[in-house]
Structures are given as structure tokens and as C-alpha cells.
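Heads up: the structure comes next, in C-alpha cells.
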Amino acid sequence: MDLAFSTEENIAAIASAVAPGQGAIAIVKVSGASAKEVVKNVVRTPSNKIWSSHKILYGHVIDKSTKKNIDEVLILIMDGPRSFTGEDVVEIHCHGGLIVVQQVLDAILKQPKTRRAFPGEFSQRAVLNGRLDITQAEAINDLIHARSQKAAQLAIAGIDGDITNKINYLREKLLDQLSEIEARIDFEEDLPKLNSKKLLTDLMLIRAELKQLINDAKQGSLIRNGLKVALVGLPNVGKSSILNLLSKHERAIVTDLPGTTRDLLESEIILEGVPITLIDTAGIRETNNEIEKIGVSLSQKTLFTADIVVLIFDLSKGWNKNDQNLLEKIPKGTPTLIIGNKADLKSQSTNIQPHATMTAITGEGEKELIQELLKLAGANELEGIEVALNQRQLDLVKVAVNALDQIEKVAAESLAWDFWTIDLREAIYKLGELTGEEVTEALLDRIFSRFCIGK
């Protein structure tokens, strides 16, 4: 899909979440050079008030073919450039529910030079018209999809321009260093010699700040994307009870019968600002039951996709060879917690030291389990993070750091200044691409195609 720079037509979309038959208010948004004329053609207002910017009008959306009212609406007008997109924008606030909202949108789309917006096209136009930079637009998308308060706070920081300001600050420093080097290349005899050691030290300080952004991005990803945590163990060790305990509601059926859970059950929780998807797996064992076999197979596959595995065993039976076999099936390198459950029934000695013990049916040990889980996830390092790069931004910063690494090698080999400028330009270009200083059509396509329609 090639949507970059396609701004000649008006675009329209439903700009609010709509569920069938639900919702008090919905919004249909129109943006473009003739957005006001488009909306005027489909509404009727009781007065002849001028359609002036940042005013709200009352009226009805009309079905032109029947002359009947489609809905009673409020109309919000925002003239460009004082609008989200920088173009004329009109919002029609109508009643919620799927049918009436779609009728309003259909009436708009029947107008000349008006089409349905592509995903992210409103935000794209805001960037093209200088209302936002790319990092701010991406932060808006992050805010819409935020799964915790911490994720929302990081997104707001991005919208406020914190990422752009930080990157621009470092990029300007690199530009200053590049200008010093190029001045010496062009006017070597007229300017004092550069101190290569001091210059390299300054560049390495910039590299250190970029590396800190990389480290913060890893933690930011934890806040933004969360973790997938698999609860695994032999049948009837209490996996479902632990899922219900952490979820604070009955998500899974709990019985004394082994093999009750035969499918993967998921529940999302927020712990210390980290979104965690808990996956209750079927007890892994040899079985002749075909349905249970499918559940066991799914459980084994989950071991390879989970960010963290919580291996639960029954303290009343102790750690046995089947528990050990299951532990050995967990892929090497996957962070794993070993939790002993049914501490109230403990009667067997165990030759393994669990990270925590608990009694899921009473809630005893829940706090310790959560602490161990957060420690393993690295959540204790989340405090103090002010900005967090997304994957696109992170990849570009990594390239910039690699370019500065090359400069360090160039300096060690005492190569000419021209060699310094090659990698310095690369770092500057990549940081410019991050903020949109260096923008391409393909870049815009890639970024905004991930947005929701109507934003």
C-alpha cells in the first residue's frame, strides 16, 4: 500500500471504538481541503450560523436519497492549520452503535473527492503538515495501545517530544563535531589542529548516552509489550489455582482430578506496571486420552514461546523424576522459576530448592511469588526510565552506536580525518531518520500502516 504523500483527497473514518449496539457517542472524522463542504452537504442545521473554527454546531445528518434524518449530531469544526492534521478537520459526534455510525460514514463517503482513510493516515498527514514529528506520532499509537499506567506515561513523554529532544540534542553534538573535522579538511592551514584524543572522548560520551537509550529501550519494551508467562507442571500441582489467585477471579476450573485443564487458558494481569499474560497449560504427562494429548502438545509448544516459565511442583509429593524431566524440556536460556505449591500439605523432603513456596488455595506465598517473578523479569530496573524507544527507533540507534564504534577503530589506527567523517555522517543520518529529519516515502508507509483506522 502506497499511502505516503497522498493528500489530495478528503479522508474520513470512524474515530472512536464502536461495538455492535453499544456506546453512547461515536465520532466520524473528516480531514482535507474541502472537509467543511463535504460535511455541509450531508447535514442540516437549524440556524444559519457561520461554520467558524473551533465551534460546535447542532444538526442532523440527512440521507440525501430519502431526505430523512439519519441521526441527531453535534458538529465540531477545526480549520487548518489549527487542527490535528494541519488541514481542515470536521468531527461529527453521533449516537453510538454500529448501524447509525456506519450510515453517517457512508453518507460522507458518497461525497466527491472523499474516501475512507487508510490506517494511520490522519497521523501521517499531521506529520507531513508539521503538526507532529514521527516520534510523536508513534507515541500516540503507543498511548492508544498502552496496557498499563507506566506504558501510558512513557507514551505521553513521547508525545511531549522527549524522545525527539533527546535525539536532536545528541545529533546536534555530532553535527558540531563533524563541522569541526570538515573545517580542518577544507582549511587545514588556516585553523588550529584538532585534538583527536579530546574529540574521540567527546564522541564516546555521546555513544554512552546512546547506549543508555538502548538499555532503557529494553526495559521500555517490558512496560510496553509485557511478558508471556507460562505456568507449567505435572497434572494437579495447582497451576490453575495459581492462575486464579493471580488473576483475582475464577479463570480456570479447579478440581482434584488430574488432567482437568486440557486447553491453554490465558489471563492478563498488571504487576508493578508490567503487563503479564499468564498461560495456564495442561499438565504435562503421558496419556491415552486424545483430547488431553492435544493439550499436552500445546503445553510443550508454549515452553518455546514463553518469556518466563514458572515450573510448579507439588510439595506434598516432593520433587520427582517427572518434575526433573519437565525441567529439562524447558529451552536453555529461558528464565525459569521453580515454585513449590501445597506448602500446607508438605510431607516429602525435596532435593531441589524452589525459588518460593506457597499454598495457592489460601493465597499464602503469593507475595513471594510475585516478587520472584518481577525480579526475574528485571522489573526492579524500571524506575527512572523517562523515555523508551520503540523497535524502529532502537534499531536506528544501534546503527548509530556501531558507526561510533567504527570511529574508535579508525582513531586507534590513526587514519585520516576523512575516515572519521564517513561513520560520523552515518550516525547523524540514522538519528535524523529516527526523528524524521531524514524521511522517505517507504519509511512513512512502514510506520503508519501499523496504526488503527481513524488515527
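Using N, Cα and C of the backbone, Cβ positions are placed for all residues, glycine too.
Quick look at what Swiss-Prot lists:
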type: BINDING; residues: Lys29, Glu91, Arg131, Lys455; note: (6S)-5-formyl-5,6,7,8-tetrahydrofolate binding site
type: BINDING; residues: 236-241, 255-261, 280-283, 341-344; note: GTP binding site
type: BINDING; residues: Asn236, Thr255, Leu257, Thr260; note: K(+) binding site
type: BINDING; residues: Ser240, Thr261; note: Mg(2+) binding site
type: DOMAIN; residues: 226-378; note: domain 'TrmE-type G'
Averaged pLDDT, computed only over the residues in the domain 'TrmE-type G' (226-378):
79
List only the single closest residue to Asn236 (GTP binding site), chosen from the binding-site residues Lys29, Glu91, Arg131 by CA-CA distance.
Lys29
CA pair Ser240 (Mg(2+) binding site) / Arg131 ((6S)-5-formyl-5,6,7,8-tetrahydrofolate binding site), Å rounded to integer, equals 50
Tell me the Cα distance separating Lys342 (GTP binding site) from Glu91 ((6S)-5-formyl-5,6,7,8-tetrahydrofolate binding site), rounded to the nearest angstrom.
58
What is the one among the binding-site residues Lys29, Arg131, Lys239, Lys342 whose Cβ has the most other Cβ atoms less than or equal to 10 Å away?
Lys239
Nearest-integer angstrom distance between the alpha carbons (Cα) of Lys239 (GTP binding site) and Lys29 ((6S)-5-formyl-5,6,7,8-tetrahydrofolate binding site)
47
